[in-house]
Amino acid sequence: MASPTAYPPGAVAICHASLVMTQVHYGWGIRKESAATTDSRMLKIGYAAEILAIVVLGLSKITTCIFYGTLFSQMQHRSNRIAFAGMIIWMVMAMLLLAIRCSHDPWYDISANQCGSLLSRWEVITTIDIFTEVALFLYSGLAIYKVKIPTKKKLIVFLALESRVILVPLAAIRFYFTKRQIDSKYPILLGAFATITTEIYLSFSVICLVSAFIKSFLAVYEDKNGLAYTEGGSGFGSSSIKHSSTATASNPRSHTSQRLQRLIGREEDEEPMIDPVQGSGGLQIVKTVRLSLHNESIELADRRADTRPQDYH
């Protein structure tokens with residue numbers, strides 16, 4: 001099951017898809033030369049959809065940074081904070097570049113004829129977008145390399161986290177079709193191709209984010225006995241597994257029948273998932289034991305009765 005942190009990008013992506021379908025309903029993708037003679041509702045919806053697409057991508061990047069910061073909590077926090085701030089800056093900057101265009105009615109500025117700087121804006125947005133994805137790729141790759149888990153499991157983690165690299169060529173393809181729309185005499189017609197690639201791009205962005213939370217990925221952090229590797233604070237021991245058990249029993253000689261309740265509990269101790277190995281400079285995974293509590297009742301017979309000699313007549 002996905003973590004709640006993955007919900008916002010998915011919810012906004014659904015809203016974006018709804019806007020795109022409404023935009024197509026009003027005529028997006030038909031052959032028209034001028035946007036001035038087009039239904040303004042379609043252009044306004046398309047304008048909102050472009051900005052909302054940036055929000056989806058931005059939330060996906062921000063959520064990924066939060067996830068990496070939790071997953072690799074023992075690595076340098078400075079790098080993650082810089083990446084987190086960079087994603088927020090990119091999202092805000094991209095929204096402003098697309099929201100503020102050349103005219104007072106920015107939804108009409110969908111080609112170079114209406115706004116000469118529109119292509120330059122998209123170049124800046126796409127360049128920084130690709131740069132941020134490459135930065136996330138390198139950051140997670142370095143962190144995975146330092147994690148002390150078996151190679152097979154490390155490969156699964158690598159495939160789950162590094163799947164975002166597919167967004168780099170998708171961003172380039174999206175820019176290609178957006179450029180064709182801006183340079184075309186029929187921006188509404190060719191804009192449909194840019195819209196389709198944008199939808200594919202957003203879908204993969206959300207899928208890559210959610211894939212890190214699915215069971216097949218989380219199973220990497222469990223051993224054959226079901227003991228889980230989890231992240232947590234670093235205030236606990238670096239490699240210890242703590243067990244707590246209590247058992248209460250009264251003197252069996254004091255009563256004929258006694259109830260012995262035995263409580264076996266192993267409380268969950270959250271250990272840092274990645275912990276520095278002394279002397280090696282590497283990182284290691286620390287286990288967390290998580291077992292449920294259960295009660296067991298046992299009736300004890302009177303031992304005195306058992307040891308008392310019996311008379312046979």
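Glycine is treated like the rest: Cβ placed from N, Cα and C.
The annotation domain 'Rhodopsin' is assigned in TrEMBL to 14-216.
For 47-70 (among others), the entry in TrEMBL reads transmembrane segment.
The transmembrane segment annotation in TrEMBL covers 82-100 (among others).
Counting only same-chain residues 6+ beyond the ends of the transmembrane segment (124-145), those with a CB under 8 A from a CB of the stretch are 54, 57, 61, 64-65, 68, 71-72, 75, 79-80, 83, 86-87, 90, 93-94, 97-98, 154, 157-158, 161-162, 164-165, 167-168, 171-172, 174-175, 274. Per TrEMBL, transmembrane segment is recorded for 124-145 (among others).
As annotated by TrEMBL, transmembrane segment applies to 157-177 (among others).
Non-local neighbours of the transmembrane segment (189-214) in the same chain are 1-3, 6, 9-10, 13, 16-17, 20, 23-24, 28-32, 46, 49, 53, 56-57, 60, 63-64, 67, 110, 160-161, 163-164, 166-167, 170-171, 173-174, 177-178, 180-181; each lies 6+ residues outside the stretch with a CB under 8 Å from one of its CB atoms. If you look up TrEMBL, you'll see 189-214 (among others) marked as transmembrane segment.
Tertiary neighbourhood of the transmembrane segment (47-70): same-chain residues 3, 5-6, 8-9, 12-13, 15-16, 19-20, 23, 77, 80, 83-84, 87-88, 90-91, 94-95, 98-99, 106-107, 125, 129, 132-133, 136, 139-140, 143, 161, 164, 195, 198, 201-202, 205-206, 208-209, 212, 231, selected by CB-CB distance under 8 Å and a gap of 6+ residues from either end.
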